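> Take this structure, written in structure tokens, and hold onto it; I'll ask about it next.
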Amino acid sequence: MDAELLKQYLADSPPTVVPLAIKPHFEALSDKEKLYAHHISIACFAGARIVLRQVSVESEPIYDFIIALHKHTSGDYASVAKEAGLSSEDLDAYLNYAAQFLGNLGNYKSFGDSKFVPRLEPRQLKALATVSPKTLELYAKFKDAIYAGTDVAKLHLGYPSAGHVSTYYPDSPDITQEEIAGVSDFLENKGLLPENTRVRKTSEGFEVLIASALDNPSSEQRDLKDSEWTLDDGKKVKLVFGDHSKEMKTIADHLELAQQYAANDNESKMMEEYTKSFRTGSLEAFKESQRYWIRNTGPEVETDIGFVETYRDPHGIRGEWEGFVATVNKERTKAFGSLVDAAPKLIPLLPWGADFEKDKFLSPDFTSLEVLTFAGSGIPAGINIPNYDDIRQNFGFKNVSLGNILSAKAPNEAVPFIKDADLAIYQKYRDPAFEVQVGLHELLGHGCGKLLQETEPGVFNFDEKNPPVSPITGKPITTYYKPGQTWGSTFGSIAASYEECRAECVAMALACEFPILKLFGFGDGKENIDGEAGDVLYAAYLSMARAGIAALEFWDPKSRKWGQAHMQARFSILRTFLNAGVEFCELEHNEEDLSDLTLRLERSKILSLGRPAVEDYLQKLHIYKSTADVENAKKLYEEITTVEPFYENYVRPIVLKKKTPRKVFVQANTVEEGGKVVLKEYEGDAKGMIQSYVEREYV
């Protein structure tokens with residue numbers, strides 16, 4: 001492989017390893033709350049192998065190798081390096097890879113879905129493997145897959161038929177996109193939810209693997225009584241239970257134990273439904289757990305666990321395992337509470353009428369959390385769940401902002417593309433601006449909007465005889481969701497990124513409301529672009545534009561596809577800023593190679609040019625989503641996120657040159673001693689990261 005191209009796929013040197021601070025918040029919990037948190041934390045991390053399995057075939061043996069080598073050395077890597085004939089640079093390259101691997105729970109970046117490979121030479125890695133029979137045996141399982149190889153397509157997650165890697169379709173290298181869609185549509189028509197499934201192509205047809213502790217749940221325990229069908233073309237579709245059965249049993253067992261320490265009936269019922277879901281594979285039971293979760297407002301210990309986000313399945317419907325446990329930061333939660341209270345007055349400020357909005361805003365629980373445990377391939381800054389539209393529209397949802405993730409900083413972090421004149425304001429206000437953005441994005445972005453539906457044959461949630469008038473065309477709408485169609489199934493592979501874009505645009509539009517900035521403690525609520533509230537707003541727009549430039553790291557020139565939903569969205573918002581004209585925003589440089597590329601964004605024009613441009617884009621995004629207008633939605637979104645030659649050939653190379661490693665977090669562990677739970681913390685470095693996993697014996 002071309003050496004210049006290979007550089008993009010080398011592991012970070014070094015990765016940004018940051019300890020996740022939690023001790024004072026954990027110590028404030030009661031003994032009972034600590035036991036509740038402890039058992040759910042084990043359940044979360046017991047799914048770590050599921051995540052590894054969902055990333056790549058080689059991820060599990062690589063994980064086992066990292067753990068086995070640490071146990072063999074008892075953490076004394078200098079001695080083992082000497083024994084294997086490795087230099088200190090070689091050893092650092094191994095430890096850096098191991099830390100990044102554990103931080104992503106796999107050998108593909110959780111943010112971007114591209115493979116990263118060791119900077120350690122293959123012969124040096126083999127020398128390291130020879131120190132024990134166990135490590136050598138594990139090395140043999142992944143030695144041909146851990147490095148880059150010659151096929152660039154295999155360095156990205158995606159559809160197998162496009163040459164990419166996806167273990168959501170195990171042992172099925174020749175499964176086509178059409179076959180995946182066909183099976184998915186068939187099961188959707190049968191009413192089987194897909195989040196906890198994988199699909200395997202066989203000589204007879206397709207096996208749908210369902211994650212469950214039981215490999216043969218009774219027909220009463222299953223969501224569908226039948227488990228095998230024959231398609232029109234003679235191929236069979238068969239449900240196979242017991243995928244990840246060992247892990248699912250551990251998860252269910254610990255959630256059953258957590259139930260004993262639940263603080264109230266909602267928590268107890270939630271744990272009961274989780275346990276049922278993970279034992280039997282029933283996603284109807286999982287949905288029931290989410291209804292109890294929504295009702296459980298203001299808990300001391302907040303948690304959610306399951307096959308949640310569908311970003312990494314190329315088909316956009318199968319969920320990756322994740323789970324979190326966190327304590328509530330009451331001080332920061334107050335600002336979010338004020339935002340929730342103000343929401344019914346804020347939603348009408350958005351660029352669409354009441355016909356395209358929920359009949360009643362279901363006030364969610366909105367809390368700022370300090371994360372104790374987050375098991376999964378990566379940790380977001382905020383979450384808005386559940387992702388089931390029927391629950392969101394009829395029961396509501398929850399928003400959480402993850403405070404200790406937001407505030408985690410690496411020392412001397414570089415900030416490319418921001419002008420020197422803007423650096424002081426950017427560095428001072430980027431965290432508060434991001435907190436405002438996350439709040440608006442999660443609460444009002446994901447929380448607003450109505451899907452116009454024919455909910456069952458002949459029954460509509462709008463007046464079909466006198467349909468709403470689209471603010472885009474000025475004419476009555478002609479498209480809507482048909483019975484059985486969901487947002488995800490209708491919009492398919494663009495759904496995740498498109499929805500993130502819509503939510504980001506809501507945040508960018510409403511961040512211009514000075515009364516909102518006052519809720520977060522900035523300004524007096526009156527418009528003042530030059531005051532402190534204006535500083536926060538300016539930092540928010542600068543951050544978004546900078547993220548739009550940095551996003552190009554996550555676009556692959558070979559497949560010409562985006563590998564990360566949020567970054568595709570942010571690139572489109574940067575383009576929207578630039579389309580507002582040079583009077584508002586421009587990329588500036590003097591050097592031909594763009595090595596001095598910076599962003600000029602006129603603070604004084606945010607309200608007069610920036611916001612209107614965002615709102616015009618947002619209106620289209622929203623109305624097309626609301627009315628199931630896939631054709632216009634795709635045309636709009638694909639056009640604005642197309643990477644043109646200037647961005648591909650000039651901007652992207654400098655982005656790759658200046659990219660900063662994404663943070664990976666060393667998380668504390670909880671240990672039961674004499675009926676009480678204590679917290680065990682680790683050093684914020686690669687060895688601390690590895691040790692924290694070694695001590696999770698149940699993984």
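Cβ atoms are placed via backbone N, Cα and C, with glycine included.
So TrEMBL has the following annotated:
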ACT_SITE  E442  active site
BINDING   H441, H446, E500  Zn(2+) binding site
> Tell me the Cβ neighbour count for E442 (active site), meaning other Cβ atoms within 10 Å of its Cβ, over all protein chains shown.
28
> Of all the binding-site residues here, H441, H446, which one's CB has the most other CB atoms within 10 A?
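In terms of Cβ crowding, the pick is H441.
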> Using the recorded Zn(2+) site (H441, H446, E500) as reference, state which further residues of the same chain have their Cβ within 8 Å of the centre of those residues' Cβ atoms, listed in sequence order.
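Nearby residues not in the site list: N384, E442, G445, E499, R502, A503, E504, V506, A507.
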> Give me the Cα-Cα distance between E442 (active site) and E500 (Zn(2+) binding site), rounded to a whole Å.
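Just about 10 Å between their Cα atoms.
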> Could you tally the C-beta atoms, other than its own, that fall within 10 angstroms of the C-beta of E500 (Zn(2+) binding site)?
21
